[in-house]
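Data first, discussion second: the structure below is written as structure tokens.
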């Protein structure tokens, strides 16, 4: 590289944008905050770099052989990562299970957790 060479600069151009007017935040569900109407996804890194994933690229990744191959050293979880076993599940007797009237709700509703107040 010679000392007399100069770097050429490309002229700057405006980035094409399209604005979509949303009348209410209800039109954009929380899961769609990082998507565009065309289906492009974007995210940012902790350093502030914006990564843009085109819909076409994501659809190609979905059909790639790598996406259909399970990861190495995946634990065997019956019914999740491996087929369910043919053994019937162990039945616990009623004396082994603690039951309280709070656990049995009308209409099949069960509490997610217990809280002492």
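Backbone N, Cα and C atoms are what each Cβ position is placed from, and that goes for glycine too.
As annotated by Swiss-Prot, compositional bias 'Polar residues' applies to 1-12 (among others).
What Swiss-Prot lists as compositional bias 'Polar residues' is 33-47 (among others).
The compositional bias 'Polar residues' annotation in Swiss-Prot covers 81-99 (among others).
The ubiquitin cross-link annotation in Swiss-Prot covers 56 and is backed by similarity to another entry. For residue 56 (ubiquitin cross-link), the Cβ neighbour count at a 10 Å cut-off comes to 10, with all displayed protein chains included.
Look at Swiss-Prot and you will find 2 tagged as N-acetylserine.
For 40 (among others), the entry in Swiss-Prot reads phosphothreonine, with the evidence type a large-scale study or a structure entry. In the three-state DSSP scheme, residue 40 (phosphothreonine) falls into the coil class. The Cβ of residue 40 (phosphothreonine) has 52, 53, 54, 55 as same-chain neighbours under 8 Å, each 6 or more residues away in sequence.
Here Swiss-Prot flags 43 (among others) as phosphoserine. Residue 43 (phosphoserine): 10 other CB atoms within 10 A of its CB, across all protein chains.
Residues or ranges marked as phosphothreonine in Swiss-Prot (evidence: experimental evidence): 45 (among others). Annotation for residue 45 (phosphothreonine): same-chain Cβ neighbours under 8 Å, separated by at least 6 residues, are 51. According to DSSP, residue 45 (phosphothreonine) is assigned to coil rather than to any helix or strand.
Residue environment of residue 49 (phosphothreonine) contains 8 other Cβ atoms, counted within 10 Å of its Cβ in all protein chains. Under the heading phosphothreonine, Swiss-Prot lists 49 (among others), citing similarity to another entry as support.
Taking all protein chains in view, 15 other C-beta atoms sit within 10 angstroms of the C-beta of residue 53 (phosphotyrosine). In the three-state DSSP scheme, residue 53 (phosphotyrosine) falls into the strand class. Sequence annotations record features per position, and here Swiss-Prot assigns phosphotyrosine to 53.
Using a 10 Å Cβ-Cβ cutoff, residue 64 (phosphoserine) registers 9 neighbours. In the three-state DSSP assignment, the secondary structure recorded for residue 64 (phosphoserine) is coil. Residues or ranges marked as phosphoserine in Swiss-Prot: 64 (among others).
Other C-beta atoms found within 10 angstroms of the C-beta of residue 69 (phosphothreonine) number 8, with every protein chain shown included. According to Swiss-Prot, the phosphothreonine annotation covers 69 (among others), on the basis of a large-scale study or a structure entry.
Under the heading phosphoserine, Swiss-Prot lists 95 (among others), citing a large-scale study or a structure entry as support.
Residues or ranges marked as phosphoserine by Swiss-Prot on the basis of a large-scale study or a structure entry: 99 (among others).
Among the features that Swiss-Prot reports, phosphoserine is placed at 100 (among others), with the record citing a large-scale study or a structure entry.
Marked as phosphoserine by Swiss-Prot: 111 (among others).
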Between residue 49 (phosphothreonine) and residue 43 (phosphoserine), how many Å separate their Cα atoms?
8
Between residue 64 (phosphoserine) and residue 43 (phosphoserine), the C-alpha gap once rounded to whole angstrom:
22
Round to the nearest Å and give the CA-to-CA distance linking residue 56 (ubiquitin cross-link) with residue 69 (phosphothreonine).
21
Measuring Cα to Cα, how many angstrom lie between residue 43 (phosphoserine) and residue 69 (phosphothreonine)?
25
